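Here the structure is laid out as structure tokens; the discussion comes afterwards.
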Amino acid sequence: MEKTSSWDLACEFNNTDHRTDLNGVGRLIVRRGQAFTINLQLQSGAYDAQAHSLCFIVEAGPEPLEESGTRAEFCVSDSIDDTCWSAMVTSPPGDTLCVSISSAPDAAIGRYTLTLDQHGYKINLGEFVLLFNPWCPRDSVYMDDEEALKEYVLAQDGIIYMGDHNYQLPMAWDFGQFEEEILDACLRILDVNPKCQKNQAEDCSARRNPIYVTRVISAMINCNDDNGVLMGRWQEPYEGGVKPMLWRSSVGILRQWCRESCSAVRFGQCWVFAAVACSVSRALGIPCRVITNYLSAHDTNQNLVIERYVNEKGEPEKRTRDSIWNFHCWVESWMTRPDLPSGYDGWQASDPTPQEKSEGVFCCGPVSVKAIKQGELSFKYDAGFVFAEVNADVQTIMRLPDGSTRDVISPAIVGQKISTKSVGSDHREDITHLYKYPEGSDEERETFKKAEHLNKLQQHKDVGLDLTIKLGDSLRKGCDFDVFALAKNNTSKNKRCRLLLASRAVSYSGVIGGDCGYKDLLNVDLPPGGERKVPLRLNYNKYADALTQDNLIRLAALLIDYSNGDTVLSVRNVVLDNPEIKIKILGEPKEHRKLAAEITVQNPLPVPISSCCFSLEGANLTGGRTITERWTTVEPGQEAKVKVYFTPTHSGLRKLLVDFDSDKLCHVKGFRNVIIGK
């Protein structure tokens with residue numbers, strides 16, 4: 001028997017070949033269904049396939065079993081079998097053997113031990129990490145699009161859309177899935193999930209299935225019923241944690257969770273939950289992207305109807321748990337769905353934000369996006385909830401001071417401008433058509449029939465009065481500006497109406513803040529075909545202290561017909577622009593060479609700002625840390641300018657993310673693409 005004296009797992013070669021080298025090359029990280037190479041040094045003589053037995057054992061989890069897919073024993077053969085664990089010698093005869101080992105394309109992901117068995121003489125060759133492989137046609141996460149894989153697996157930064165359906169705001173995010181410690185954090189998420197704690201062997205076996213892993217991620221990114229990563233909070237106070245708007249990267253969140261013994265990081269909101277879920281999915285090899293759904297419904301009683309109560313001023317009252325969020329973020333992951341009828345592979349929606357329980361746990365999905373479009377509400381998992389997010393009907397009810405109620409005509413279409421970052425560019429891709437058919441189409445009607453969405457099939461009452469809200473120019477934070485209510489009479493009769501126009505600060509999730517301005521006209525005469533334009537001036541000194549972190553003002557116009565009591569409500573949100581952050585790169589960007597950036601922001605407010613702080617970070621730019629620079633006071637119209645130094649670690653296109661905060665001007669965000677040369 002020819003014994004092995006030394007061995008080499010060829011980590012740098014294999015990791016590069018498996019597109020995992022950005023994790024580092026100090027340990028073996030490979031993707032399932034793809035061969036990797038190890039080198040064995042024999043003590044003496046040449047390897048003879050006829051005379052020598054060369055077998056391998058791979059094991060994962062606490063109770064490795066072949067029938068569970070967590071153990072395999074296989075010997076060197078003449079060729080690689082790409083359907084199971086196999087090995088072959090690829091080097092010519094000699095005392096150094098190159099052995100190619102291929103994992104099963106459906107093997108469980110996670111940490112493995114690799115053992116060499118020579119006629120019962122066993123040598124532990126070390127450990128390796130096995131990930132999903134979207135480049136492998138036999139893997140259930142296979143994606144046949146190289147450019148898409150660069151975006152949805154390898155890209156360490158991206159864009160998440162916020163703002164409003166009329167004004168989508170891009171925010172750059174550092175997913176950082178290849179930064180130091182992040183892969184270990186992602187594997188730890190799997191290890192501490194309650195299903196693993198309950199039955200480790202069963203959980204490790206189930207990690208063969210991306211459906212299972214995605215559902216675990218959805219549950220573990222929030223901490224509502226486990227040792228999850230993030231605690232949610234949707235309004236002040238944020239003491240004891242970080243305001244959700246201050247996060248720009250998943251890296252600090254995942255590192256903090258790991259370093260603090262899996263204690264929940266405070267605090268997250270939907271885009272933070274979704275971004276961290278995207279980082280974890282990409283780190284494990286599942287193609288993933290963050291989705292923003294504008295005017296997103298939260299249907300708590302599963303009747304596909306959002307009941308919205310307002311007072312006599314058109315201002316919302318909290319009477320039910322149903323709500324419409326200005327926007328809501330979740331993720332889509334790419335995989336096959338053998339548990340569903342054919343035709344539902346591809347993008348699967350899952351939502352880590354804790355909203356409702358699914359099978360007793362705060363998680364949601366994965367559910368086929370095609371199933372949502374087709375109205376297949378019985379499909380796994382949580383199809384009904386996601387269908388309502390993009391399709392629920394809205395019923396508006398006015399509660400009068402005497403306790404009585406009145407129906408209000410208020411056109412509101414949920415599920416608008418569903419958005420994600422385009423492949424290979426920073427442009428927004430509208431994917432609404434993947435979730436729903438065009439409004440009013442025959443296909444939409446058939447989908448609603450299948451989903452028994454009866455409210456959507458009814459014709460809504462037309463009272464002959466139109467009410468819209470128009471915006472003026474210069475909707476910048478710090479400015480005074482006008483908004484307008486435009487009332488129109490489409491009937492053949494004279495109409496005398498009451499018109500109210502109110503403005504309140506609001507959060508993206510619909511929580512109402514302070515008053516920003518109000519107008520009440522008791523007698524508005526509208527002749528047949530006539531219209532009236534009513535302005536409302538919003539002054540900075542009025543709205544400044546009322547604004548939330550989201551820079552949103554809710555406008556509500558209410559028109560009441562005195563002749564018959566018909567009431568029309570129009571609602572529109574205003575997104576106030578923050579100033580632009582100017583980022584200038586000084587010098588030629590090269591990897592491992594110090595680089596400087598000059599950062600400038602102008603104070604647009606009519607008052608001085610103080611306690612100014614610039615924060616910079618970026619995947620492979622700042623070493624997974626946040627760089628901060630401070631500035632004292634900036635007078636109105638003046639600039640704060642800092643120079644920041646950092647050392648890029650890898651070449652390629654990177655995003656430098658910059659935040660600016662002060663006492664009166666907060667959460668100003670910007671980014672710049674930087675091409676790092678070798």
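Each residue, glycine too, has its Cβ placed from N, Cα and C.
Quick look at what TrEMBL lists:
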ACT_SITE  C270  active site
ACT_SITE  H328  active site
ACT_SITE  D351  active site
BINDING   N391, D393, E439, E444  Ca(2+) binding site
DOMAIN    262-354  domain 'Transglutaminase-like'
What same-chain residues, at least 6 away in sequence, bring their CB to under 8 Å of the CB of E439 (Ca(2+) binding site)? I413
Rounded mean pLDDT within the domain 'Transglutaminase-like' (262-354) lands at 93
For the domain 'Transglutaminase-like' (262-354), give the DSSP counts of helix residues, strand residues and coil residues. 15 helix, 41 strand, 37 coil
With H328 (active site) as reference and a Cα-Cα limit of 10 Å, the qualifying recorded positions from C270, N391, D393, E444 are C270
Among all the protein chains here, how many other CB atoms are within 10 A of the CB of D393 (Ca(2+) binding site)? 23
Measure from the Cα of C270 (active site) to the Cα of every one of the recorded positions D351, D393, E444, then give the nearest. D351
Based on Cβ atoms within 10 Å, give me the single least packed residue among the recorded positions D351, E444. E444
Over all shown protein chains, what is the count of other CB atoms within 10 A of the CB belonging to C270 (active site)? 27
D351 (active site) and N391 (Ca(2+) binding site), Cα-Cα, nearest whole angstrom: 17
Quick one: Cα separation, D393 (Ca(2+) binding site) versus D351 (active site), in Å? 21
